[in-house]
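Trainee: One structure is given below, represented as structure tokens, and several questions about it will come after.
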Amino acid sequence: MQNSHMEEYRNSDNGSTGNSSEVAVVEHPDFSTEIMNVTEMEQSPDASPSAHASTEENEMANAVNLPVTEAEGDFPPEFEKFWKTVEMNPQDFTGWVYLLQYVEQENHLMAARKAFDKFFVHYPYCYGYWKKYADLEKRHDNIKQSDEVYRRGLQAIPLSVDLWIHYINFLKETLEPGDQETNTTIRGTFEHAVLAAGTDFRSDKLWEMYINWENEQGNLREVTAVYDRILGIPTQLYSHHFQRFKEHVQNNLPRDLLTGEQFIQLRRELASVNGHSGDDGPPGDDLPSGIEDISPAKLITEIENMRHRIIEIHQEMFNYNEHEVSKRWTFEEGIKRPYFHVKPLEKAQPKKNWKEYLEFEIENGTHERVVVLFERCVISCALYEEFWIKYAKYMENHSIEGVRHVFSRACTVHLPKKPMAHMLWAAFEEQQGNINEARIILRTFEECVLGLAMVRLRRVSLERRHGNMEEAEHLLQDAIKNAKSNNESSFYAIKLARHLFKIQKNLPKSRKVLLEAIEKDKENTKLYLNLLEMEYSCDLKQNEENILNCFDKAIHGSLPIKMRITFSQRKVEFLEDFGSDVNKLLNAYDEHQTLLKEQDTLKRKAENGSEEPEEKKAHTEDLSSAQIIDGDLQANQAAYNYSAWYQYNYQNPWNYGQYYPPPPT
């Protein structure tokens, strides 16, 4: 999209407080049961999507049963074309944009509901589209449904100041004006809004809207109470709020700004000061109760003194808050895109800024401020798993359910195809003793993104750690069976053979796995190396025949000449060090000389330009192995250092990436 979601409604009409006699009054349940308090993150297990539940089911569970007037067969003519595009590729954001634009233009309610509901399963952070959806319901006079859409949106993105403002304007338009219940509902909504989003650095317009509304109602004491809160929160317009607060104090009488208790306490404080100066008698003898009129003789002086003291108290709050703002200002200026977008961040700098800001807040801020900053971060960087992982890691020291909630949102909504987040979620559940939940997370992800070796191996290790050896073996056998290439099949065969030999202590079965793999992938050096390593682990005297058979398979097989010579040299060394028959040693030596002559012949042909050297046709890793082994020979290492040879081939982890493309984002 060319325009950001945050900008879509920047110039839109925020609504008015106009009357609407045709709209029925809507009864609003208690917000506390419906709007997530992002400062706590103490979610119950039922509040977070289950690891094995469908994401769509989780999202749709929040929707009300909406009455419709159109049958599905009456969908607009082009709907199916747009729908198939996003159904085939839910990550095609442009396809979603075209679909939603189309259903809006057609003004087809049922088609719009289907499109918007499915869209928000994948992109719940697009605040502008929640507004579009709610407006669509409202245009069809579905006030209750519009209200529900707003509530679902605020559950999905409770830090959206703009969405809160749109919702409050919606309530002003649709609730009965002048009704006490209406005021209670709106004030309650304001309270939930500032609890959820009021500590956001850019939440000023929400606070200002709250203050203006209380002023309109004539609730000066409530205005003061709101100022008491905002003047202690680091926000972008902190200085503006303090200036408006001073105007609020100067333009109204102190007794109208303060509660009765605050008013009495302030008068006593000032009277006490005057008493010490000798101006008045003991403050307790002649102080009024605080509710009768102030003496005309003292009226002007006392009012000004009280105003001065009120501002003085709040000046201290302002000074401290200004210091807190200054510590965060540079970080806030570095946030160029505070809203969600599918496009990557333009440069590395925004990511670095987020990381440094989070580290600063973790070190210096309260838990509430840290959580709010993380929530802001994962809106802007929702498609970057590193920030979700950092968030979950932070929550480990505060709330087990908080960790689970973070992982659940990341994996089921925003990062359905990112392996690391899923693997860490599964590991977390395993740590908590939820073994079956860990299984489900890994299995579900593997079904979503096929062919990831790292996930299959994590499933195997999970079963092994908990004593399910048969299941671990079955998972590896299944991976061999469904491998897309011989190379992949050989990789899993090596893993299975090592599992059978090291864990289950079943040498014959392990040997069979590797021999079968060699028959299918005769040029894979790793198979021979692992077979040799396994045979060497047994009694050398009793297992001499199997070791020699392994050498012969490599020497007489399809490996490049250089690797065959290497195996031949190792065979000679083995017979020299451990062999029981000198005839076998002499035969091995003669065979080795024959291979060297064959290599010389090939080199001469290559030098004459008649044939490409065979070793250049080999895999890079096989050539590297041969070069290392040749280096050992040149160093005159008499001992058969098989351990070093084996380790060389596993210096670098297996390249899982060759079996799957990077998951789409």
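Glycine too: its Cβ is placed from the backbone N, Cα and C atoms.
If you look up Swiss-Prot, you'll see 1-11, 599-622 marked as compositional bias 'Basic and acidic residues'. The region 'Disordered' feature in Swiss-Prot is assigned to 1-28, 599-625. What Swiss-Prot lists as compositional bias 'Polar residues' is 12-22. The annotation phosphoserine is assigned in Swiss-Prot to SER44. Under the heading repeat 'HAT 1', Swiss-Prot lists 107-139. Per Swiss-Prot, the feature repeat 'HAT 2' maps to 141-173. According to Swiss-Prot, the repeat 'HAT 3' annotation covers 181-216. Positions annotated as repeat 'HAT 5' by Swiss-Prot: 331-363. Here Swiss-Prot flags 365-397 as repeat 'HAT 6'. The annotation repeat 'HAT 7' is assigned in Swiss-Prot to 402-434.
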Trainee: Return the stretch with the most CB pairs under 8 A relative to the repeat 'HAT 3' (181-216), choosing among 141-173, 331-363, 365-397, 402-434.
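Mentor: It is 141-173 that shares the most Cβ pairs under 8 Å with the repeat 'HAT 3' (181-216).
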Trainee: Which residue counts does DSSP give the repeat 'HAT 5' (331-363) for helix, strand and coil?
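Mentor: Across the repeat 'HAT 5' (331-363), the residues distribute as 19 helix, 0 strand, 14 coil.
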Trainee: Give me the DSSP three-state residue breakdown of the repeat 'HAT 1' (107-139), ordered helix, strand, coil.
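Mentor: Secondary-structure composition of the repeat 'HAT 1' (107-139): 27 helix, 0 strand, 6 coil.
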Trainee: Tally the residues of the repeat 'HAT 6' (365-397) by DSSP class, grouping H, G and I as helix, E and B as strand, and everything else as coil.
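Mentor: Reading the DSSP string over the repeat 'HAT 6' (365-397) gives 25 helix, 0 strand, 8 coil.
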Trainee: May I ask which of the stretches 107-139, 141-173, 402-434 has the most CB pairs under 8 A with the repeat 'HAT 5' (331-363)?
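Mentor: Comparing 107-139, 141-173, 402-434: 107-139 has the most Cβ pairs near the repeat 'HAT 5' (331-363).
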Trainee: Give residue numbers and ranges for long-range contacts of the repeat 'HAT 6' (365-397): same chain, 6 or more residues beyond its ends, CB-CB under 8 A.
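Mentor: Answer is 38-39, 41, 125, 157-159, 199-200, 335, 337-340, 342, 344-345, 350-351, 354-355, 357-358, 403, 406-407, 409-410, 414-415, 418, 420-421, 424-425, 428, 665.
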Trainee: Would you mind splitting the repeat 'HAT 2' (141-173) into helix, strand and coil residue counts from DSSP?
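Mentor: Summed over the repeat 'HAT 2' (141-173), the classes give 27 helix, 0 strand, 6 coil.
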Trainee: Mind checking how the repeat 'HAT 7' (402-434) divides into helix, strand and coil residues in DSSP?
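Mentor: So the repeat 'HAT 7' (402-434) is made up of 26 helix, 0 strand, 7 coil.
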Trainee: Within the repeat 'HAT 3' (181-216), count helix residues (DSSP H, G, I), strand residues (E, B) and coil residues, in that order.
Mentor: 30 helix, 0 strand, 6 coil
